[in-house]
Amino acid sequence: MSVVTNTTTIGAIEAPSRRNTELALLGFAVAIPVFAYLNVGLALDGEVPAGMLGYGLGLALLATVAHLVVRKWAPYADPLLLPLATLLNGMGLVLIWRLDQSPRLIATSMRLYKSFSPDAPAQMMYSAIGIAMLAAVLLLLKDHRVLQRYTYISMMAALVLLLLPLVPGLGSAVYGAKIWINVAGFSIQPGEFAKIVLAVFFSGYLMVKRDALALASRRFMGLYLPRGRDLGPILTIWAVSLLILIFENDLGTSLLFFGMFVIMLYVATERTSWIVMGLLMSVAGAVGVASFASHVQARVDAWADPFSCAEKVAACDQMTEVLMSFGSGGILGTGLGQGNSDLIGFAANSDFIFATVGEELGLAGVMVFLLLYGLIIERGIRTALAARDPFGKLLAMGLSGAFALQIFVVAGGVMGLIPLTGMTMPFLAYGGSSVIANWALIGILIRISDTARRPAPAPAPNPDAEMTQVVRP
Amino acid sequence: MNKPLRRVAIFCGLLVLALLLRDNWLQFVRADELNSHADNKRVQIERYATERGNIIVDGKPITGSVDSGGTYYKYKRTYVNGPMWAPVTGYASQVYDANFIEKIEDGILTGNDDRLFFDRTLAMFTGEKKKGGDVVTTLNGAAQKAAFEGLGKNTGAVVAIEPSTGKILAMASTPSYDPSTIAGSNDEKAWVSLNESKAKPMQNRALREIYPPGSVFKVVTAAAALEAGKVTDIDAATETPEGWKIPLSTVPMKNHSGGCANASLNEALRISCNSVFAKLGDDVGVEKMNEMAEKFGFNAEQFTPVRSAASVYDKKADRGGNALSSIGQFNTATTPLQMAMVTAAIANDGKLMKPYMIDQLRAPNLDVIKQNEPEQLSQPVSPENAQKLQAMMENVVAKGTGSRADLNMDGVKVGGKTGTAQHGEKNAKRPYAWFISYAKTDQGSPVAVAVIVEDAEGVGREDISGGGLAAPIAKAVMKAVLKSRG
């Protein structure tokens, strides 16, 4: 119900907070994974899984905490973001738990490491930390514009995060990509966090420089070319992303950063020429690197014709297994717990978890998941549209753009649309850094949407109000 | 900033759309292709995920399944008396696919066949474990045992057929192998050694190997001569000089026994005269000879339903070639199955029944989902001529080269024909010993057998003969069939 607070012409009409909608949706977001959990248990062992109550209650508890935090500290936030992320996180837990039961993966683990530990409990813990991260963001970041102050600190932080894996002794190469660091027994993927920090830097930087970048340019062949000194940061970002690609063997992350930067640049300057330049630079970079980096070449080969190179290269073998996994799923899938996506091997629950969705839930399930991700992106961009300040607009856009690119790069890679890059599906895949960073990302989006949808503060009482007050019946 | 924002939103939408389209392409358009891809282990995993149905002989399974506890393939195939039955069952291996009945009836055995859809659905509701259906064969365990043990250490093959129906009663091939040894997933060593073995234990000699038939082919030539009207009275003298000159050649046809000059057809078959049959084949001509051979099943693959190699009668042979072909040499080559078919047709009064070895396909609940019915393939010879051929073949056993096949049972007449086939360059290799025969009672013929012994260990070259080596095996098989019929 809208409440008319005063009779001035600028009536502040309170937007509905939609917190109850969010709560109802969260109910679904918890119930669906619980049923999926039951489904896996029945399919694998023919009985109700023992841990069902634990996981169900755990997920419900996390959802409740998150909801209460949002209700208290971001009452006007978008009601869809939290339930969508909760549903994906919950389904991810089920899929990881399902792969934990695979005798094949257990046997592989025993052969390689002489031990096997299930990943689902760890993922549950990471999810809890992720929710805590969301709460922390909402509690500490009362207004997202505060982040503007940290523009250049963010830049430094992002560079440090990105280059940490290259520090000898700290970084560790796993399966070819040097994107992990080892700290006190934990391995962390700094790139996942760098995504957010970089978005903050870009937003702050572009908000200040956007007029210079948009207007101070020369026209050349129908395109507005920027001045040399404005080109500097862009070239820097390009070079950094190439460095990541070359030294960390991480095609996905470098593509993600550069893509995010180009999108934000375009939004900030409203100049198409930036897109053209960005595309040209990324093509140049990709071709340059692909021509001498064997890691990238192997990925491209595996993408071009996985079945013909399956005998030679491990990456091809994985790719064929993934494709056959999708093919075997067909339209409706084999049903949770009844597929053979574990044939993919060690990365089945991280990089390739989407193949399990494809095989066990089929075309229908994959489309649902893609649409869930699509909805998160859509709510993010809607937040950007609704945001009133340019910094918030750019930040929301940057974060949702990065999210969209990541979905495209990962799902497209796994489904053989583009070469495989080795990033993980947000919320779905096993991995602490990914879950925690993405919950933080959702937290920031929730904060911006709360600010955007919060009703404008009531104007100062009009001294004339008394005089012309309407007499209410 | 809203205009570029909206454009970026559209761009993001396109990214998601591209993923959706790609997914439809993968999981809808290409699903079947990926699902049945040769590299897709799921087919094998599925094949061994549940207990496989069994192949049944005489009401008892000759196959089985054990839980191998593997992480990829749960159940492993086992075989009862594997080497003896291998030419029938074939193998079902977790890594090397399958062959013969195991492959042809894979759908029934795994339970994935469409005809078992109802059973699967029912089992799903009643909570039963999925199980494969059974394949009931036409084989006779006693006859198979007699054939396999009769061959012993020799290299060779035996096929026995029930002439009136075409049911295959025995199909043995030696040396053999035990399919159990290659059923698992770690049997590479056994697989390689079986495949590289010079003895070729995995070769199904009864169906897939073609041999020169030698003298046993003379019954086909006799049938052709009778059908063509070149001979009407089997006891009348034929105008064949001793040392009949092969047309287009200067070499005279040699006989191994005396008394072939102008011998009657009956006598010529009894003592196996080359000259008489070569001349008869020449008189009949290549066209009619070929026609007769093809009516018996030559020049075509037979599907029992396991495919056999096609036997050969050279229809483009010149006169000399045709004359040599008529005594089972030159290009003539035949599978043991083919010779059993010839014998069965003669024993069945000229009617050739399509040979088959799968009687029924059964659902796991024992419902019969397919019953094979006997089917006539052709009528190569008229009943009268067939009876003349029978008389001659019975003469061979009673008074001729095939005496070792005589069962000496009351009310049982045995007809047969021996063969010693020369082969190799200048016939230098050790000859093959052939024997074809049938037994006949008042109720018709219960069994026709073809036996080939490729190489008999410890037998001197001069002593190799169809009558000596192969006839006793045929006799044992016929005896086993007659006994099992009471």
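Residue positions begin at 1 at the first shown residue.
From the backbone N, Cα and C atoms, a Cβ is placed for every residue, glycine too.
The transmembrane segment annotation in TrEMBL covers A:23-44 (among others).
According to TrEMBL, the transmembrane segment annotation covers A:50-69 (among others). Residues 19, 22-23, 26, 29-30, 33-34, 37-38, 41, 82, 86, 89-90, 93, 97, 120, 124, 127-128, 131, 134-135, 138-139 of the same chain, all 6+ positions outside the transmembrane segment (A:50-69), place their C-beta atoms under 8 angstroms from a C-beta of that stretch.
The annotation transmembrane segment is assigned in TrEMBL to A:81-100 (among others).
Packing against the transmembrane segment (A:120-141) from elsewhere in the chain are residues 55, 58-59, 62, 65-66, 69-70, 73-74, 89, 92-93, 96-97, 100, 147, 430-432, 435-436, 438-440, 442-444, 446-447: each is 6 or more residues past its ends and has a CB under 8 Å from a CB in it. Residues or ranges marked as transmembrane segment by TrEMBL: A:120-141 (among others).
Positions annotated as transmembrane segment by TrEMBL: A:153-181 (among others).
Sequence-distant contacts of the transmembrane segment (A:193-208), counting only residues of its own chain at least 6 positions beyond either end whose CB sits under 8 Å from a CB of the stretch, comprise 147-148, 150-152, 154-155, 157-158, 161-162, 233, 253, 256-257, 260-261, 264-265, 268-269, 390-391, 394-395, 398-399, 402, 406, 433, 437, 440-441, 444. The transmembrane segment annotation in TrEMBL covers A:193-208 (among others).
For A:229-247 (among others), the entry in TrEMBL reads transmembrane segment.
Taken from TrEMBL, the feature transmembrane segment applies to A:253-269 (among others).
The annotation transmembrane segment is assigned in TrEMBL to A:274-293 (among others).
Residues annotated as transmembrane segment in TrEMBL: A:352-373 (among others). Within its own chain, the transmembrane segment (A:352-373) has Cβ neighbours under 8 Å at 84, 87-88, 91-92, 95-96, 98-99, 318, 321-322, 325-326, 328-341, 344, 403, 407, 410-411, 414-415, 424-426, 428-430, counting only residues six or more beyond its boundaries.
Here TrEMBL flags A:394-421 (among others) as transmembrane segment.
Long-range contacts of the transmembrane segment (A:427-446) within the same chain: residues 70, 74, 77-78, 81-82, 85, 88-89, 91-92, 95-96, 119, 122-123, 125-127, 129-131, 133-138, 141, 144, 186, 188-193, 195-196, 349-351, 353-354, 357, 369, 376, 379-380, 383, 395-396, 399-400, 403, each at least 6 residues beyond the stretch ends and with a Cβ under 8 Å from a Cβ of the stretch. The transmembrane segment annotation in TrEMBL covers A:427-446 (among others).
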Per Cβ pairs under 8 Å, the stretch of A:23-44, A:81-100, A:229-247, A:394-421 packing most closely against the transmembrane segment (A:274-293):
A:229-247
